[in-house]
Amino acid sequence: MFTGSIVAIVTPMDEKGNVCRASLKKLIDYHVASGTSAIVSVGTTGESATLNHDEHADVVMMALDLADERIPVIAGTGANATAEAISLTQRFNDSGIVGCLTVTPYYNRPSQEGLYQHFKAIAEHTDLPQILYNVPSRTGCDLLPETVGRLAKVKNIIGIKEATGNLTRVNQIKELVSDDFVLLSGDDASALDFMQLGGHGVISVTANVAARDMAQMCKLAAEGHFAEARVINQRLMPLHNKLFVEPNPIPVKWACKELGLVATDTLRLPMTPITDSGRETVRAALKHAGLL
C-alpha cells in the first residue's frame, strides 16, 4: 500500500468554501477505478494549511468513510509544533487509516537534532506507521539523509516522501536505511528516475487528473519496464511541470474541475483562483497528456 502511485488528493469545496462530500466521493471512486495505490488525505495538496483541526480530522474521516476499505487512506498530520503534530496524529489512532504523512516543521526551521527529536516524539506517541515528508521549498528546512538514517531506526517510522527533486538523495538515503524503508518521490517530474534508482513510488499531484496513467507508469517501473514507463512519463511531463505554474493546489484543483472530477475549484484565502494565463497553460498540458 506504500508503493506505486499514491495520490495527494485535493480537498474539494463548494462555492462557499465548505468541503464537498459529493465531489470527494467522485474523486475517490475515480482513484479506485484507476488503480491508484492509496490516497493521502489533507496533505499540502489537500489544503491542510487552510483547514482548522476539526475540519482536518473531519475530511480524513470522510475520506475513510467514502473509501469504504476499497483503497487505503493515509492522513496528513504534520505541524510546526511537536505537541500539535502529536495531538493531530493521535486523533486517528484506531480510525482505520493505514499511516500518517508528517511534514517537517515549517517556518521555525529547526536544526537536524530538532527534526530528529520532533519526528521521534511523534512516533513514540502512536502505533500508526509514519512517513516523513521533506519539502524544503515549502518549509524552509531540509531533512538531511543522515537524519533520515537516524530516524529510520525509530519504531513506527517506515519511510519518507522526498520532495527535493534531488535524485542524489535516493542513494544517499538507501545507504543509511534498511531495505524495507519506503522511499517515495514527492516530485512528479523526477519520480520515474527516482524509481529507477530504487525508489518505491510517488506521492503524486499529477495523479489527481491522470490517475490511470500514473498507476500504469509506476506499475511498469516496478516491473523493470522503464522504456515503456518513460513513454507515459514523457506524455505527462508538461502536466507534471505546469501543475505548478501557480502555487499548488491552484492549478490542479482547476484541472480537476475542467475534467469534471469536482464541482468547483474553490479555494480558501490566501489561495486565489487560477489566472487566465495559468488556465490556458494547464489546459494545453492536459491536451498534451490526452486528457482533453
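Each Cβ is built from the backbone N, Cα and C atoms, and glycine gets one as well.
Secondary structure at Y133 (active site, proton donor/acceptor), taken from DSSP and collapsed to helix, strand or coil, is strand. What Swiss-Prot lists as active site, proton donor/acceptor is Y133.
K161 (active site, schiff-base intermediate with substrate) counts 26 other C-beta atoms within 10 Å of its own C-beta, drawing on all protein chains shown. Secondary structure at K161 (active site, schiff-base intermediate with substrate), taken from DSSP and collapsed to helix, strand or coil, is strand. Sequence annotations record features per position, and here Swiss-Prot assigns active site, schiff-base intermediate with substrate to K161 based on sequence analysis.
According to DSSP, T45 (pyruvate binding site) sits in a coil region rather than a helix or strand. For T45, I203, the entry in Swiss-Prot reads pyruvate binding site.
Under a cutoff of 8 A between CB atoms, and with a sequence separation of 6+ in the same chain, the neighbours of T44 (site 'Part of a proton relay during catalysis') are A8, G76, V103, V135, R138, N248, P249. Annotated site 'Part of a proton relay during catalysis' per Swiss-Prot: T44 (among others), in sequence order.
Residues annotated as site 'Part of a proton relay during catalysis' in Swiss-Prot, with sequence analysis given as evidence: Y107 (among others). For Y107 (site 'Part of a proton relay during catalysis'), the same-chain residues that are 6 or more apart in sequence and have a Cβ closer than 8 Å to its Cβ are N80, T139, G140.
Residues near Y133 (active site, proton donor/acceptor) in space but far in sequence (CB under 8 A, at least 6 apart, same chain), listed by position: G43, G78, L101, T102, V103, T104, I160, K161, A163, G186.
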